[in-house]
Amino acid sequence: MFIDGKWILREDIDVFDPYTLENIEKITALDREETKSAIEVAEKNKEIMKNLSPSKRYSILMKIAEQISLKKDLFAKTISIDVGKPIKQSKIEVDRTLTALKLSAFYAKELRGETINSENGLIFTKKEPLGVVGAITPFNFPLNLITHKIGPAIATGNSVVLHPSSKAPIVAIYLTKIIEHVLKQMDVPRGIFNLATGNGDIVGDEISKNDNINMVSFTGSVEVGESISKNAKMKKVALELGGNNPMIVLKDSDIKLAAKSAVKSKFLNAGQVCISVGQVLVEEEVLETFTKHVIEETKKLILGNPLDTKTDIGPLISPESALRIENLIKKSVNEGGEVLIGGNRQNSLISPAVINIDENNILSKIETFGPVLPILKVKDSEEAVSIANNSKYGLQAGVFTNDINKAMKIADSLEYGGIMINSSPTFRKDNMPFGGVKKSGLGREGIKYTVEEMCETKTIVIHNI
């Protein structure tokens with residue numbers, strides 16, 4: 001809806017507040033031809049973007065960060081209304097966004113090649129942009145996950161087509177207005193950045209298939225990620241997909257700390273986090289104590305209006321998502337699961353649930369993406385690792401133990417992209433490599449690592465004459 005510096009404004013899609021269920025906005029849904037047009041504009045402007053100096057790319061990113069910083073409260077409130085995220089969590093997301101942009105700006109000046117020794121002359125490499133990056137982002141972190149893609153894209157001199165989730169597009173629109181202002185202020189053609197709102201099966205599909213896109217960076221479901229991978233053919237693809245992230249709690253660990261970490265991490269953003277705790281695997285000797293502490297911590301959580309600063313858990317993104325979680329809980333119970341607390345639904349709200357299950361239960365196999373914390377009893381660390389690895393996912397895992405040798409042995413055995421020792425799988429810093437194995441994705445995010453993904457290495461050889 002923002003193509004070549006012009007806004008296309010229609011009322012095609014209704015956007016709802018997930019808490020009040022009120023219609024808060026109507027946005028444009030681009031058709032396939034309009035999406036192609038956005039991509040063509042980005043392609044035509046890629047040489048302009050490539051030729052911007054590193055210092056200018058740096059300045060663009062720093063000015064975007066500066067403008068967001070001036071409107072931190074507006075962005076935080078918009079995230080909470082757009083997604084249903086508690087306002088205190090939305091404020092953290094805005095702060096992380098500023099970090100991502102500033103890191104991207106730093107790496108804009110740090111792009112460098114290498115010199116290779118040769119007896120016949122000089123060999124050196126340089127980093128060049130790919131061309132056009134298609135960024136497809138989810139609803140759950142509608143600002144931070146955008147900047148994790150467009151920040152490195154701008155830093156490396158790529159033009160951008162951004163396709164945000166149609167469930168939570170308002171933050172992306174506000175961000176685009178800031179980018180428009182900054183590009184105008186710096187006398188840079190607005191066509192280097194294009195916003196393509198609409199339905200994923202049209203806009204996202206065209207981005208993944210279009211030959212003028214040089215890289216697709218996608219965060220979302222496994223099913224859509226697999227479709228993008230097939231459609232992309234020879235273009236570069238970065239996929240950050242789902243996970244059922246295990247947290248292993250051994251008997252020698254700080255049980256109270258582990259319980260607090262599990263509850264805080266599981267119910268962040270109502271469980272709608274790709275690295276949310278998927279299941280807790282607890283050694284049987286400490287299961288009762290751990291479960292007691294988890295229930296105590298869960299009872300402290302306040303469910304309700306995301307704009308209330310006291311709220312810990314807001315709604316899921318839609319009543320349909322909440323109904324899906326309610327049905328998953330019922331299925332889990334039918335398979336032998338025992339609900340210890342919570343699990344009650346009202347519209348888009350689900351009270352935080354803790355459920356005892358075994359390894360054959362559905363909650364041990366899938367990505368829940370909701371406020372449900374499954375607990376499994378295991379006899380030892382070997383059984384915990386075996387259950388954790390018996391998964392199609394491999395994003396992140398957590399291990400709680402006071403024995404560093406045991407922790408390192410488990411970390412080596414777990415088939416996951418990231419292992420957090422004495423922390424939950426939900427831990428992430430914006431400058432660390434982030435990504436999974438198996439069906440949890442391809443490539444790594446984290447600003448430095450995304451910058452590397454969004455470059456080509458060109459080799460130049462100067463022969464002696």
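Cβ atoms here come from the backbone N, Cα and C positions, even for glycine.
Listed in Swiss-Prot for this protein:
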ACT_SITE  GLU240  active site
ACT_SITE  CYS274  active site
BINDING   GLY220, SER221, VAL222, GLU223, VAL224, GLY225  NAD(+) binding site
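Neighbouring residues of the recorded NAD(+) site, listed in sequence order and excluding GLY220, SER221, VAL222, GLU223, VAL224, GLY225, comprise PHE218, GLU226, SER227, ILE228, LEU241, GLY242 (Cβ within 8 Å of the Cβ centroid). Listed in sequence order, the residues of the same chain lying 6 or more apart from GLY220 (NAD(+) binding site) and placing their CB within less than 8 Å of its CB are ILE136, THR137, PRO138, GLU240, LEU241.
Cα of VAL224 (NAD(+) binding site) to Cα of CYS274 (active site): a span of 14 Å. Annotation for the recorded positions VAL224, CYS274: lowest Cβ count within 10 Å of the residue's own Cβ, VAL224.
In the three-state DSSP reading, SER221 (NAD(+) binding site) counts as coil.
Of all the recorded positions listed here (GLU223, GLU240), the one with the fewest other CB atoms within 10 A of its own CB is GLU223. Sequence-distant contacts (6 or more apart, same chain, Cβ under 8 Å) of SER221 (NAD(+) binding site) comprise LEU241, GLY242. Every protein chain considered, the tally of other Cβ atoms within 10 Å of the Cβ of VAL222 (NAD(+) binding site) stands at 18. Neighbour count (other Cβ atoms within 10 Å of the Cβ, all protein chains): 25 for GLY225 (NAD(+) binding site). Cα-Cα distance from GLY225 (NAD(+) binding site) to CYS274 (active site): 14 Å (rounded to the nearest whole number).
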